[in-house]
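These notes concern the structure reproduced below.
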Amino acid sequence: MTITIEQPHLDAIADRKVAGGGGGDNAAELVLDGGFVVPDSNAFGNAFRNYEAESERKETVEEFYRVNHINQTYDFVRRMREEYGRVDKTEMGIWECIELLNEFIDDSDPDLDMPQIEHLLQTAEAIRKDFPNEDWLHLTGLIHDLGKVLLHPSFGELPQWSVVGDTFPVGCAFDECNVHFKYFKENPDYLNPKLNTKFGAYSEGCGLDNVLMSWGHDDYMYLVAKENKTTLPSAGLFIIRYHSFYPLHKHGAYMHLMNDEDKENLKWLHVFNKYDLYSKSNERIDVEKVKPYYMSLIEKYFPAKLRW
């Protein structure tokens, strides 16, 4: 079954404000007037994604990115994609996977320290309120972080630096807009002349499908969805794979690698990112109340059991 979706309704957009002080329209974040209000601060009272703010998580987050940037190499990503792309670890349904995530807190996130199921439901419910007719986007909000099950013993209990955090292309030069860029200088690829140029292993407009991204939950869930033949539209898969690609959707970096389909799907990623980032709060969702609705979407877009 092929799902056709319309582009975001621009009459639901009150304004655009450019993030990061530059990058033109491609770096713009969407400010929606559909009822979603962007909060002034995160759960710790700081600005969202402020990696310099003094908080109880600052040192944990910076150490995470130090290790991440040193170890996420082109060869490492190729090995991980080969191993986990076989989706032969286990079989389970989407909701079973959601429940597994109850045990984990994301060490790369400066904005929240609650179990992951809370964030998934907060994101999905906020999207559902403003985009009631885009059920594929509701489900994408619910499942976008399910790849974090890589932290679980059943999936190898990978270290957090290889599961969470902002993502970026490997196989070409690391852009300076990446969080804690200084630590890339200790990455073996940083000095590799085949991999440290603007294009590196790629070519202009090659398409992000042909680009290796730093390994983590985004790419893993993307592979799981594709291998299990989800009927989510391409925009949903694009959101899953690139929702942590902040250098692109916040700063407009790496645009030279994108093709026309990527640029169309990026419009939906800009919409999604508001909800992924700013719906994080300490308010709890009534799981049993909303579960039947999301179970119906899972049945619509996925098989009952998935290979992981």
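Glycine too: its Cβ is placed from the backbone N, Cα and C atoms.
Annotated features in TrEMBL:
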type: BINDING; residues: Arg49, Asp106, Asp107, Ser108, Lys148, Gly165, Asp166, His243, Ser244; note: substrate binding site
type: BINDING; residues: His119, His144, Asp145, His217, His243, Asp276; note: Fe cation binding site
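The subset of binding-site residues (His119, His243, Asp276) lying with their Cα within 10 Å of the Cα of Asp166 (substrate binding site) consists of His243, given in sequence order. Taking the centroid of the Cβ atoms of His119, His144, Asp145, His217, His243, Asp276 as the Fe cation site, the other same-chain residues with Cβ within 8 Å of it are Leu120, Thr123, Asp218, Ser244. Ser244 (substrate binding site) and His144 (Fe cation binding site) are 10 Å apart (CA-CA, integer value). Listed binding-site residues: Asp145, Asp166, Asp276; maximum Cβ neighbour count within 10 Å falls on Asp145. Summarising the environment of Ser244 (substrate binding site), the number of other Cβ atoms within 10 Å of its Cβ, over all protein chains shown, is 25. Closest to Lys148 (substrate binding site) in space, going by CA atoms and restricting to the binding-site residues His119, His217, His243, Asp276, is His217. Distance between Cα atoms for His217 (Fe cation binding site) and Ser244 (substrate binding site): 9 Å, as a whole number. Distance noted between the C-alpha atoms of Asp145 (Fe cation binding site) and Ser244 (substrate binding site) is 10 Å. The Cβ neighbour count for His144 (Fe cation binding site), using a 10 Å radius over every protein chain in view, is 26. Geometry remark: Ser244 (substrate binding site) versus Asp276 (Fe cation binding site), CA distance 10 Å.
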